[in-house]
Amino acid sequence: MRAVVVVTGLVVVVVATALSLPNHDVKSATSSRSSSDYQGSSGDDCDEGLPPPDQPFRVVWNHPDNCERIKLHLPLDDYGIIFNKLRVFLGEEIQTLYDTGPWPYISETGKFINGGLPQSFNHPDNDGETQRILKKHRPENFTGLGVLDFETWRAIYSTNFGPMTIYQNESVKLVKEQHPDYDQKKLTKVAEKEWQQAAKDIMSNKLKIAQEVMPRGHWGYYLYPRTWDNKRDTKFRNDKINWLWRQSTGLYPSIYIYDFSKTESAITKFVSDTVGEAVRVQKEFSPPNTPIYPYVMFQTMDNIFHYEDHLKISLGLSAKMGAAGVVLWGTSKHYKESTRQWQCQQLQEHIRTVLGPLVKNVTQMMTDCSRAICEGHGRCVHNSHDVILGETESQRLSDLCSTRQSRFRDYHCRCYSAWEGACCQTLRPSRCQKREQRNVHGGGDLID
């Protein structure tokens, strides 16, 4: 993962645009924190698993802090933050996998590893090694979030720029060796075509193996989907890899903030655009139960905790747009043995005073809204933040249900995949035999 730096000026305006939060008593809300078996998963013919009725929005801890090793308790469960048992990094709730077997890449010294390019990938035991690594970390009956993290090159040829330009250059060189008579335009066109196919073969195969080893997990790649220069370019590029959205059973974009100089509205727009693009590809291409969990950084590489106002953008806006939850990630570099005691005490205090109460507030509000206007069968989406329906249609749906609870008059329902109707009041006809379902990670379907 990459670092993010806090912009200290994000205070009044951004808070207003992120999420209006009622002042809940943080001690009053309850939250389930463990998975249970469910019908309907990425490995089933009947893919209609549901989250628990009290958890339309979940916050998942994926921070390798190591505080439990010194017996310093982080009060995650007090605020409904989901975490792996024994606080392991690879566990039953979430697995972010940096090592998924051999990949082709070019080292910093220019050495071609495993062929260097996807087109030249030549590892003799790729599948076997990938399977062994995944099985080594496989929890029993895994139903959690499965995240493959590979960032050395990108699936879309044209997005390998900056330090990754070498992959475009070497791809063109490879074609030229085979076809010295081609002009530059044709060389580039063929190089792009060969790259796209080879990258697809490798990434799709890794994903397939993960889904076979842990078929009930929600599998996808970190940083996919992402946004580019503008919405037109973003759609064009991401549609080129629609095969990835069709195969993924989890979408894990990043909403880390890198640029100090961005204005408050620009930062809010970035988060909105990124989550919105995930909603779009989920609607157009992904299985109906595919959850969206943006990755959120709450502590920078410079060891600065994000202010509450900044976290409200990341958590609040994701919730308002209908994401299934967020993943909280941080670096382990601050939690080395020499400084771990002090760092863990600082982290404990941050959770108690800032992060924890905010998580409780956001999750409780989305729970209350779901129960009030969606009968607990869907997520609430803010009328001004539905990238699929638009504000006019959102308001029409809102008027049908929000009269039940005026507090949520600016929200409408996005039903879970087993339900339909403006207020998610009708069980959809299904070839599947219904039973009590508790898929804690379910993504929910969008209303057509």
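Including glycine, each Cβ sits where the backbone N, Cα and C put it.
Neighbour count (other Cβ atoms within 10 Å of the Cβ, all protein chains): 12 for E151 (active site, proton donor). Annotation source Swiss-Prot lists active site, proton donor at E151, citing similarity to another entry.
Annotated compositional bias 'Low complexity' per Swiss-Prot: 31-43, in sequence order.
Cβ-based neighbour count (10 Å, all protein chains) for C344 (disulfide bond) stands at 22. The disulfide bond annotation in Swiss-Prot covers C67-C344 (among others), and the record cites similarity to another entry as its basis.
Following the DSSP three-state reduction, the secondary structure of C369 (disulfide bond) is helix. Summarising the annotation, Swiss-Prot assigns disulfide bond to C369-C380 (among others) and lists similarity to another entry as the type of evidence.
Around C413 (disulfide bond), a 10 Å sphere centred on its CB holds 31 further CB atoms from the protein chains shown. Under the DSSP three-state reduction, C413 (disulfide bond) is assigned to strand. Summarising the annotation, Swiss-Prot assigns disulfide bond to C374-C413 (among others).
Annotation comment: Swiss-Prot describes C415-C424 (among others) as disulfide bond. All protein chains included, C424 (disulfide bond) registers 24 other Cβ atoms within 10 Å of its own Cβ. A coil conformation is recorded for C424 (disulfide bond) in the three-state DSSP classification, outside any helix or strand.
According to Swiss-Prot, the domain 'EGF-like' annotation covers 413-424.
According to Swiss-Prot, the region 'Disordered' annotation covers 26-55.
Per Swiss-Prot, the feature signal peptide maps to 1-18; the stated evidence is sequence analysis.
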Which one is it: of the recorded positions E151, C415, C424, whose Cα lies the shortest distance from the Cα of C374 (disulfide bond)?
-> C424
Please work out the number of neighbouring Cβ atoms within 10 Å of the Cβ of C374 (disulfide bond), leaving out its own Cβ.
-> 29
Fewest neighbouring Cβ atoms within 10 Å among the disulfide-bonded residues C67, C369, C380 goes to C67
Round to the nearest Å and give the CA-to-CA distance linking C344 (disulfide bond) with C415 (disulfide bond).
-> 40
Local backbone state of C380 (disulfide bond), from DSSP in three classes | strand
Work out how many Å separate C380 (disulfide bond) and E151 (active site, proton donor) at their Cα atoms, rounded off.
-> 33
